[in-house]
Amino acid sequence: MALIAAALAVTRYNVVHALLYLLAMLLALAAAFFALGAAFAAVLLIMVYAGAIVVLFVFVVMAVGTSPQAIAREREMLQRSWPMPAAISVLVAAPFLFGIGEQAAGNTAPIAAQAVGRLLFGPWAWAIELASFLLLAGLIGVRHIGRDRAQEPEE
Amino acid sequence: MTGTALTGMMIVAAGLFATGVFGVLARRGILFQLIALEVALSGPALAFIAAGAYHGDAEGQGMFVLVLTLAAAEVAVGLALFLRIRRSKGSDDSDAVSGLKG
């Protein structure tokens, strides 16, 4: 399900269609997270990806718009030059597929959000600090890139 | 969670990543490439969650949170660059900026 939606998302010619398939892929992924016992991660995925990131894309599409000739050019380009990237991605995926063996049965209990929080704000506090640095750098970078003109759709 | 389920999840994760790589390589519109980048990032995220669930460890979800912040920052910067390139070059084609100092 997630794979089909992903394949559709990267092959659509219209940006809005691609975004909708990206959303379908994210929701399927969140369902998989729920099934894996990671409810906290699933909720985070829906909130941050589906809520924030896709909305950011939609804002940019709204600000920029899509013209029919851009869609036509995209279609022409994708039809002309798909085999080489496809071969490269098969090469990328092949080691994963052959490298995975059969494992013994593992844990079955779901992992509570409490455990994640205890990990993140206990031994992994440095990682949280790094993530906040990354977000701050991103914020300043976006501010700098979008500075010269008056219109600033991000942040 | 059984070993077979873990294997299946890893295959799905590898497939997602490969699909994203294909998208980044095959598309030329920057917006499409960013969407494909999101797809590619979700593959490792799924792998982290699946491995964390398999080993009964919260570290998988911890890494997922970090991947999420990375994706958020990357998308914000990518979209800002997209708007900037579109303004300065009048094009949403990533080949338009293939030359440095162009």
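Every residue, even glycine, has its Cβ placed from backbone N, Cα and C.
Feature annotation from TrEMBL assigns transmembrane segment to B:6-25 (among others). Only residues 6 or more beyond the boundaries of the transmembrane segment (B:6-25), in the same chain, are considered here, and those with a CB under 8 A from a CB of the stretch are 32-33, 35-44, 46-47, 50-51, 54.
The transmembrane segment annotation in TrEMBL covers B:30-51 (among others). Through the fold, the transmembrane segment (B:30-51) approaches residues 5-6, 9-10, 12-24, 60-61, 63-64, 67-68, 70-71, 74-75, 78-79, 81-82, 85, 92-94 of its own chain, all at least 6 residues removed from its boundaries and within a Cβ separation under 8 Å.
For B:63-83 (among others), the entry in TrEMBL reads transmembrane segment.
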